[in-house]
Structure formats: structure tokens, C-alpha cells
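Features of the protein shown, as given by TrEMBL:
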type	residues	note
DOMAIN	41-247	domain 'G-protein coupled receptors family 1 profile'
TRANSMEM	26-47	transmembrane segment
TRANSMEM	59-79	transmembrane segment
TRANSMEM	91-108	transmembrane segment
TRANSMEM	159-178	transmembrane segment
TRANSMEM	199-222	transmembrane segment
TRANSMEM	234-254	transmembrane segment
Amino acid sequence: MEPGNNTRVSEFLLLRFSEDPELQPFIFELFLSMYLVTVLGNPLIILATISDSHLHTPMYFFLSNLSFVDICFTSTTIPKMLVNIQTQSKAITYIGCITQMCFFLIFGELDNFLLAVMAYDSLMVLRLSFCTNFKIPHFFCELNQVVQLACSHTFLNDVVVYFTVLLLASIALAGVLFSYSKIVSSICAISSAQGRYKAFSTCASHLSVVSLFYCTGLRVYLSSAVTPNSHFTATASVMYTVVTPMLNPFIYSLRNKDIKNSLKSNFGGNL
């Protein structure tokens, strides 16, 4: 950004998706419903895994941890947004913004089954100085949106963001692609056509959620500095911060025979 008068930052303003008062109830109900599905659906996976000894395997251990991280991941952003809508406020304190970014990046990387290396770059935001524009065109303090408000040089921050995103994404994607290549090979070896169809159906649903998470996340962090579009960035961020954690209970539990059987035994066959 261009140089300007440095100002001590006390708070930022989260502009969310729209300032239209008539849309606020709809946005509140939409995000509240998605958040409730996430925080009520994912614990079912954890409960099923803990209560059923047959599910005490590495796969379900990681699945239950994924469910826990998804709850935390979504909880770093949505509650603050809902509170702001209800109180008709757009403010978030400077400390609150930094804290939100740190936990968002930590849980985001844990959601990616990797160490939270990106949390280091949110600490680098502390070295930035801000001028008079404290308005964030987003519904939470996303790292790249806050960096773009700085009036000091952000070259080092941009380099660290791009390097970290590309490094972690390439490692994670390589692991995902390798795993799915082995899965496809195993599915092709199934003699039954019905068995192959069922396996491909399950695999496709898993892959669709993984693709949604990576494609929208990478697009947000790799393209926003080159072609800034606050509306698109906010919409894409919803996809990987809210929608994918919400879909996980449906993808990994309701389509999973072992999880369904465990839930039925715990809840008296009402599911």
C-alpha cells in the first residue's frame, strides 16, 4: 500500500458480505444453520468412535480428530460474525483480530493434517503498521485481507504466505493424490460391478469435499494479491471455512456403515 500517516490500531471493521439491513437476518440464519450442523454433527463421529471398541482403529482415530478440528476451525470465525450481526456491530479489536488469525491458521493446518507452520506468518502481522483504513471487506480476519490494509511494506509477508501455502499445499496434495491413486487401483481390482460402483461413489464424495477445500483455499491465498476481489474472496472463504466442515458429518458418517451402526446402537436405532 501507499505510505501514509501511521496510526495505532485499536480495532478493525468487518464489512461482511453485504451492508443491506434487509439481508442481515437471512445471512444470520444461513450461517447459524450451517454452524449448528457442524457443531452438532461432528461430535456424533467423535461419540461413535469413542463408544464403539470396533472403531478403535487408526482410520477412525484420525477421523474423530478431523471432526474435532473442524468444530474448532469453524468456531474461530462464525460465532464472532453472528454476534456482530445480532449487535449490529462491525468491530473486532486488534488483539481479537490477531488471535482469530492465529487460531484460524492453526486449525486450518491441523485440518490439513500438517503442523501449523502458517501460524508463524500471522505473528508477522505484528510488524506491520496501518494507516487510516481499518475496514476489512470480509466476515473474519483472514490473513491476506489484513495484510492488504497495511501502509508499510508487505513484501516479506507476501513471500512467506506464498511460499508456505505452496509448500504445504504441494505436500498435502501429493499425499492426497497418491492415496487416491492407490484407492482407484484397488477399486478397479474389485470383480463385482456393483461393488466398484459403490466404492467409486464413496470415493467421489470424499474427493469432492477435498477438492472444494483445496481449490477455494488456494484460490483465496494465491490470487487475492494479484486480482483482489473482496466479494469473491469472501464467498470462496465460506466454501473452505464453513461448507466443508459442515459436509464432513454427512460424507464421513452417514455414508459410513460402521459409524452408522455405532450411532444406531448408541441412540436406540433412531438414526
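Don't overthink the numbers, they just go from 1 along the chain as shown.
Heads up, the Cβ atoms here are built off N, Cα and C, so glycines get one too.
Here the structure is a predicted model, which means the values were calculated and not measured.
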Item checked: Rounded mean pLDDT for the residues that make up the domain 'G-protein coupled receptors family 1 profile' (41-247) -> 79
Check: Looking at 26-47, 159-178, 199-222, 234-254, which one has the highest count of Cβ pairs under 8 angstroms to the transmembrane segment (59-79)?
Finding: 26-47
Check: Between the transmembrane segment (234-254) and the transmembrane segment (26-47), are there at least three Cβ pairs closer than 8 Å, leaving out pairs fewer than 6 positions apart?
Finding: yes
